[in-house]
Amino acid sequence: MATRGGAGVAMAVWSLLSARAVTAFLLLFLPRFLQAQTFSFPFQQPEKCDNNQYFDISALSCVPCGANQRQDARGTSCVCLPGFQMISNNGGPAIICKKCPENMKGVTEDGWNCISCPSDLTAEGKCHCPIGHILVERDINGTLLSQATCELCDGNENSFMVVNALGDRCVRCEPTFVNTSRSCACSEPNILTGGLCFSSTGNFPLRRISAARYGEVGMSLTSEWFAKYLQSSAAACWVYANLTSCQALGNMCVMNMNSYDFATFDACGLFQFIFENTAGLSTVHSISFWRQNLPWLFYGDQLGLAPQVLSSTSLPTNFSFKGENQNTKLKFVAASYDIRGNFLKWQTLEGGVLQLCPDTETRLNAAYSFGTTYQQNCEIPISKILIDFPTPIFYDVYLEYTDENQHQYILAVPVLNLNLQHNKIFVNQDSNSGKWLLTRRIFLVDAVSGRENDLGTQPRVIRVATQISLSVHLVPNTINGNIYPPLITIAYSDIDIKDANSQSVKVSFSVTYEMDHGEAHVQTDIALGVLGGLAVLASLLKTAGWKRRIGSPMIDLQTVVKFLVYYAGDLANVFFIITVGTGLYWLIFFKAQKSVSVLLPMPIQEERFVTYVGCAFALKALQFLHKLISQITIDVFFIDWERPKGKVLKAVEGEGGVRSATVPVSIWRTYFVANEWNEIQTVRKINSLFQVLTVLFFLEVVGFKNLALMDSSSSLSRNPPSYIAPYSCILRYAVSAALWLAIGIIQVVFFAVFYERFIEDKIRQFVDLCSMSNISVFLLSHKCFGYYIHGRSVHGHADTNMEEMNMNLKREAENLCSQRGLVPNTDGQTFEIAISNQMRQHYDRIHETLIRKNGPARLLSSSASTFEQSIKAYHMMNKFLGSFIDHVHKEMDYFIKDKLLLERILGMEFMEPMEKSIFYNDEGYSFSSVLYYGNEATLLIFDLLFFCVVDLACQNFILASFLTYLQQEIFRYIRNTVGQKNLASKTLVDQRFLI
């Protein structure tokens with residue numbers, strides 16, 4: 001290997017500087033330099049260097065060659081021009097050339113001497129021989145011939161020739177042999193290592209160099225590669241500033257996870273020693289961490305340095321999803337090196353350079369589409385890894401960009417190696433970024449350093465990059481899509497090779513996008529606090545209204561429980577509003593933005609949102625069950641206004657005679673009204689099956705589910721061969737909720753505007769049926785509050801034939817009879833009622849007798865059967881409620897009034913029915929609140945939340961649709977069945993007639 005020019009002068013300067021002085025200098029001035037410098041520089045490639053320039057593999061830029069020199073074949077060094085011989089060569093461009101005399105225009109193959117050629121010269125100015133001839137330039141002992149002949153190689157001074165590996169020519173021996181021993185032999189006390197010869201003194205401090213390869217617990221071993229090449233690479237880098245050796249030393253440090261321990265002199269320890277003792281050399285591109293001749297491996301080891309690197313300088317490139325200036329491509333490039341430190345090439349990361357999992361090129365390249373969250377996981381056989389990666393390739397990753405003057409630059413991409421140990425501590429696994437040590441160079445697979453004793457055998461251990469994550473952080477408050485330098489987080493795993501054909505390893509590659517969501521969290525907390533406070537007030541008002549409706553002024557345990565139930569419902573609405581609002585915000589602003597200003601929360605940040613959705617569902621379920629229980633326990637009674645039409649003769653059993661009796665009133669009208677009431681108990685303003693199927697159609701068939709993908713596209717369709725990004729829980733919830741609400745609201749509007757008006761309105765039809773049947777409905781949803789449907793026929797009776805019925809309808813249509821309202825000359829048939837305690841007590845006394853048919857027989861009169869007692873109680877209740885409506889009981893009278901607007905808004909009554917009950921005119925059919933019909937908002941939101949919770953848990957819209965419809969039918973069945981039993985119990989209608 002060769003040496004760098006001026007090495008002797010550099011070593012003289014370095015010897016004057018102590019390690020402590022250098023360290024103090026760095027600690028004093030490095031923070032100031034860091035604040036002033038940037039980590040970007042011009043992007044240059046080897047093929048763009050001029051013929052008289054070479055590509056400096058350390059500085060990654062084109063550097064001029066010396067006099068009488070040109071670029072070599074690889075472009076990374078210099079050679080003499082044709083007709084010039086080398087008189088000095090220490091590696092790289094540091095060579096000296098001298099023109100050959102006229103009588104010896106040819107140059108030897110090694111370029112060190114001039115020679116007379118027996119025939120023509122090649123383009124390189126060397127002798128040319130016919131096919132089948134061997135060019136011999138020196139005699140057998142190495143003496144240069146005036147004309148090419150075959151001679152023995154001469155290893156003495158002035159020749160220093162040895163036989164090459166192929167044995168077909170004599171070549172000059174390795175320069176370190178000449179410099180160290182002035183011969184081609186490396187005899188004691190000199191040290192022969194890695195094919196190089198070094199002096200036994202003056203290279204490194206007298207400390208034992210460790211060839212240990214650090215790994216996971218219990219996986220450390222002595223690497224044959226380190227044992228063979230570590231010392232030689234370090235010595236060549238230190239003594240001769242050899243660029244390739246310095247790169248090879250850096251590679252060994254990277255293979256050792258960039259870990260170093262002050263107690264040992266391992267690969268990174270040697271690198272740090274050279275770095276600290278070359279402080280007198282200039283930096284590369286004004287980057288203080290990048291020393292001339294050395295690779296850039298570290299960002300320094302000062303606490304708090306990592307956050308500055310990651311957030312001090314933003315990329316001037318603007319990223320946008322849409323518009324004329326659309327820019328959604330992250331242009332990553334990498335300088336690649338082989339294990340021996342040779343520069344291979346510049347290459348883009350497209351095509352799966354850093355992705356071990358195989359896939360199509362389109363899907364692999366999707367990882368670098370800005371705004372697309374990327375996840376790739378697979379399991380790879382160890383045997384395939386050993387075949388595909390016999391030696392590691394090392395990458396220095398950069399992000400390419402163009403400034404405002406259209407000049408190309410590259411920005412260094414820092415690396416967070418989770419396996420890095422600093423003094424045996426995994427500092428990069430700490431949650432505090434201030435303790436991180438950022439690095440630069442990475443590799444994917446190392447199957448070399450894990451070989452023991454022989455490099456030709458199968459490795460005992462291989463090291464694989466099992467987790468690679470590229471995170472892009474958006475600059476806060478940006479409106480132009482500016483980002484900070486991306487961060488590569490990488491984790492390696494050591495695999496102990498036992499049977500390569502049966503072993504495998506799981507690997508993953510991901511790209512995530514982050515932004516500071518602190519402000520969003522604060523705003524969410526503020527909204528939750530404000531709306532939660534309003535929910536408390538609303539719940540207090542509902543509780544106060546409930547207390548009035550049950551006629552109890554005392555605050556007891558039941559009151560507290562009721563308040564908590566009301567608060568659960570209101571708080572569910574708060575969580576629902578916040579989650580839907582948050583979801584729609586991210587859906588609209590992320591998918592519709594042009595210049596990028598917001599990025600989606602990461603999955604771990606979505607946990608809080610999912611918790612809110614879960615709370616909304618749990619609380620809404622409690623509210624739904626509370627309403628369900630309230631509906632199936634209401635008091636209801638059908639008041640039959642029909643009166644007997646006359647008397648008939650009736651035989652008296654046991655007396656052998658007859659007597660006159662009133663004509664009994666038919667019960668069929670009551671049964672009919674009861675059946676209609678039973679049918680409308682679960683009538684809704686939407687069609688549940690249509691709702692579920694329509695939502696599913698838009699999600700799965702139309703493709704609205706694609707809006708929930710974590711990418712920048714707002715298209716409803718995706719190309720199957722292309723990469724499909726993972727779903728965002730927030731976007732998935734937002735799309736589902738928006739569709740469910742939109743379709744539900746459309747159904748409700750259609751139901752109210754068209755269906756009820758032109759086709760069928762079951763609620764109003766029920767009120768009309770009551771009038772035609774001459775039956776009123778008395779409902780008590782609370783102890784002292786309920787509803788009254790006035791169904792008293794304006795014709796006096798309803799138990800008639802078809803002809804008379806049609807005649808009555810005709811008279812009513814022609815306004816030839818009075819109006820149906822409770823108050824004369826009005827149409828008001830529905831009322832909200834607040835009854836007095838005295839009225840309720842009287843009702844309860846009769847009702848207690850009515851329900852005694854379910855009690856023990858010993859409590860009943862011995863002279864009457866249970867059935868007769870119930871019939872008697874039924875007629876008593878019918879008579880009492882009829883007389884109450886007719887103002888017969890002055891001590892239990894009532895008056896009719898309109899509700900105040902504020903009373904309607906607050907849902908409570910300001911007046912207490914102390915002596916008289918109060919009937920409030922109700923044109924809105926409020927009695928539907930004891931039915932499904934009047935609670936559509938609660939049912940719609942409950943179904944929506946159920947659908948979303950199932951989907952978030954299973955990530956399956958089809959399953960969520962099926963389970964949602966199933967629960968709707970289950971609760972509908974429960975409501976029908978239990979409500980029917982309650983109706984039969986409270987009205988004495990035999991359940992067998994409720995069909």
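The backbone N, Cα and C atoms fix where each Cβ goes, glycine too.
These features come from Swiss-Prot:
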type     : residues : note
COILED   : 828-917  : coiled coil
CARBOHYD : Asn141   : N-linked glycosylation site
CARBOHYD : Asn179   : N-linked glycosylation site
CARBOHYD : Asn242   : N-linked glycosylation site
CARBOHYD : Asn318   : N-linked glycosylation site
INTRAMEM : 671-679  : intramembrane segment
INTRAMEM : 680-688  : intramembrane segment
INTRAMEM : 689-701  : intramembrane segment
INTRAMEM : 732-757  : intramembrane segment
INTRAMEM : 758-762  : intramembrane segment
INTRAMEM : 763-771  : intramembrane segment
INTRAMEM : 930-936  : intramembrane segment
INTRAMEM : 937-952  : intramembrane segment
TOPO_DOM : 549-558  : topological domain 'Cytoplasmic'
TOPO_DOM : 632-670  : topological domain 'Cytoplasmic'
TOPO_DOM : 772-926  : topological domain 'Cytoplasmic'
TOPO_DOM : 986-995  : topological domain 'Cytoplasmic'
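Feature annotations (Swiss-Prot) mapped to structure.
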residue : record                      : Cβ within 10 Å
Asn141  : N-linked glycosylation site : 14
Asn179  : N-linked glycosylation site : 15
Asn242  : N-linked glycosylation site : 27
Asn318  : N-linked glycosylation site : 15
Cβ under 8 Å, sequence separation of at least 6 from the ends of the intramembrane segment (758-762): give me the contacting residues as numbers and ranges.
679-680, 683, 933
Asn179 (N-linked glycosylation site) and Asn141 (N-linked glycosylation site), distance between Cα atoms, whole Å:
21
So which of 671-679, 689-701, 930-936, 937-952 has the most C-beta pairs under 8 Å when paired with the intramembrane segment (763-771)?
671-679
Looking only at the topological domain 'Cytoplasmic' (986-995), how are its residues distributed among DSSP helix, strand and coil?
5 helix, 0 strand, 5 coil
Quick check for the class: what is the C-alpha distance, in angstrom and rounded, between Asn318 (N-linked glycosylation site) and Asn242 (N-linked glycosylation site)?
40
How does the topological domain 'Cytoplasmic' (549-558) divide up by DSSP, counting helix, then strand, then coil residues?
4 helix, 0 strand, 6 coil
With an 8 Å cut-off on Cβ pairs and a sequence gap of 6 or more, do the intramembrane segment (732-757) and the intramembrane segment (671-679) reach 3 or more such pairs?
no
Other parts of the chain folded back onto the topological domain 'Cytoplasmic' (549-558), taken as Cβ under 8 Å at six or more residues beyond its ends:
781-785, 834, 837, 840, 909
What mean pLDDT score does the topological domain 'Cytoplasmic' (772-926) have in the model?
84
Could you pull out which residues elsewhere in the chain have a CB under 8 Å from any CB of the intramembrane segment (680-688), counting only those six or more residues past its ends?
631, 744, 747-748, 751-752, 762-763, 766, 931-933, 936, 939-940, 943, 965, 968-969, 972, 975-976, 979-980
Cα-to-Cα gap, Asn242 (N-linked glycosylation site) vs Asn179 (N-linked glycosylation site), nearest whole Å:
14
List, by number or range, the same-chain residues at least 6 past the topological domain 'Cytoplasmic' (986-995) whose CB is under 8 A from its CB atoms?
634-638, 670-671, 674-675, 678, 847, 850-851, 870-871, 874, 980
